[in-house]
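Enquirer: I have a structure I would like to understand better, so I am pasting it below and will then ask my questions one at a time.
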């Protein structure tokens, strides 16, 4: 191949974001198949919704080597790259904490309603982390003023925050973006230190999976986590491994072996997950090792299929309608945080027939596609989050 950039990474990211918006909208539906929804913590199993988040973690890992190499190639020193990693982590953790605390808001104790608080939160994220391409917005407002306005809004939202329990903002479980942030931090720093060493990256994957296992076995009485469950770290690092293996195969002129190797990895992960299932079950809520490895195995398999179709056979045209979810992913994820509260404030509800069964599922699919189209549209006006 002529370019090291893989179309399959952008496309699997777009597909995963499409699914994430879809499954996140399932709460609005009734009478839909159980296999689509999240499983409870005490249920040994997983639905489609339980696969999406670990898939996204895996995709974060796929992108890490490419992103860090690109910065180093531009002449950035490793300390500067490390600062970039820390900056991205802070952004993800801050957004994650605000989002997870939003779920516990008590409207009756705050001076603004929950929907209005949510809109201001999402707006603040855009003001702070938008990828401003010019030093001034509309040739008038300095971008630093926009960012300061965003931080001021977040500070105000934190000050007025009240939860149903009467507590102030808490860590809770860090939120989706927070979990991604911590896992990204560990794996990006490890890759920055280790580089493209297959042996070292493989060892890191094994250690992180073992740490996930030990969260249930507590061998030697050790109960240790790296801020969040090792399940998150392992999912990201396995994605790193896939990209490092790709780079190795290309460099050695052995690209024909890549697909068999990745299929082998998928098989090993799936086998480990199902063979160990009797020990702790499959559970997203509990982040069991079986759930971790089965989801990583599934994502690896999907990536292989997309790699063959897009990077080897050049079949990419079909993905253009959802492309924005691949290149403006964080913006796409944030759009529903505007849409839902706005609909609540205006009192807009769909008839029951459009939120029930098959017709409801069609509605959620169309909503996910619409969100992606909105993302593509606002990108024309230079609105794209970049951390």
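Every residue, even glycine, has its Cβ placed from backbone N, Cα and C.
TrEMBL feature annotations, pasted as is:
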TRANSMEM  7-27  transmembrane segment
TRANSMEM  47-69  transmembrane segment
TRANSMEM  81-100  transmembrane segment
TRANSMEM  115-132  transmembrane segment
TRANSMEM  144-164  transmembrane segment
TRANSMEM  170-193  transmembrane segment
TRANSMEM  198-218  transmembrane segment
TRANSMEM  224-244  transmembrane segment
TRANSMEM  256-276  transmembrane segment
TRANSMEM  288-309  transmembrane segment
TRANSMEM  321-340  transmembrane segment
TRANSMEM  360-378  transmembrane segment
Enquirer: Is the count of Cβ pairs under 8 Å between the transmembrane segment (7-27) and the transmembrane segment (144-164), pairs 6 or more apart in sequence, 3 or more?
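Expert: Stretch pair does not touch.
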Enquirer: Is the transmembrane segment (144-164) in contact with the transmembrane segment (198-218), using at least 3 Cβ pairs under 8 Å (sequence separation of 6 or more) as the test?
Expert: no
Enquirer: Please check if the transmembrane segment (170-193) comes into contact with the transmembrane segment (81-100), where contact means 3 or more CB pairs closer than 8 Å and the residues in each pair are separated by 6 or more positions.
Expert: yes
Enquirer: Quick one: do the transmembrane segment (115-132) and the transmembrane segment (224-244) have at least 3 Cβ pairs under 8 Å, skipping pairs fewer than 6 apart in sequence?
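Expert: They are not in contact.
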Enquirer: By Cβ distance under 8 Å, which residues at least 6 away from the ends of the transmembrane segment (81-100) in the same chain are close to it?
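Expert: For the transmembrane segment (81-100), the sequence-distant neighbours (Cβ-Cβ under 8 Å, at least 6 residues beyond its ends) are 68, 71-72, 121, 125, 128-129, 154, 157-158, 169, 171-182, 184-185, 188-189, 192, 337, 387.
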Enquirer: Return the stretch with the most CB pairs under 8 A relative to the transmembrane segment (47-69), choosing among 144-164, 224-244, 256-276, 321-340, 360-378.
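Expert: When the Cβ pairs under 8 Å are tallied, 224-244 comes out ahead.
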Enquirer: Return the stretch with the most CB pairs under 8 A relative to the transmembrane segment (321-340), choosing among 224-244, 256-276, 360-378.
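Expert: Stretch with the highest Cβ contact count: 360-378.
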